[in-house]
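Trainee: For reference, the structure I am asking about is given below.
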Amino acid sequence: MSRRKRPNWINTIALERMQILFEQAEKEFSKHPERSDRYVKLTRNISTKYNIPLPNYWRGRFCKNCNKFLKPGSNLRVRLSNNTISRKCLECGDLKKVPYTKKN
């Protein structure tokens, strides 16, 4: 017997909450970085509970290793080399490499 599917309005509310939490994390990062880290953790909890994937533009804004909110220049180092984007978290040292191609 399969599990019952959640109504669509629940997923809509969960996405709205996740968006609000990420916006708050961006606003609070300069004054209270620990608060923005908590918002990221809450967003990931909502995402896993309701089985909603995070949109691509949010996936690069936090470290998957230490759950910290990442802002380039303050706790994230971004390097471009050999068709890869290297993103290094300066909190835990985790390195993520993403391939890219140049557009003409």
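Cβ coordinates come from backbone N, Cα and C, glycine included.
Sharing the record's features from Swiss-Prot:
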BINDING   Cys63, Cys66, Cys89, Cys92  Zn(2+) binding site
Trainee: Using an 8 Å cut-off from the Cβ centroid of Cys63, Cys66, Cys89, Cys92, can you name the remaining same-chain residues around the Zn(2+) site, in sequence order?
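Mentor: Surrounding the site, in chain order, are Lys64, Asn65, Asn67, Lys68, Leu70, Glu91, Gly93, Asp94.
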Trainee: Starting from each candidate's C-beta and looking 10 angstroms out, tell me which of the binding-site residues Cys63, Cys66, Cys89, Cys92 has the most other C-beta atoms.
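Mentor: Most Cβ neighbours within 10 Å: Cys63.
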Trainee: Using DSSP and collapsing to three states, where does Cys89 (Zn(2+) binding site) fall: helix, strand or coil?
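Mentor: DSSP assigns Cys89 (Zn(2+) binding site) to strand.
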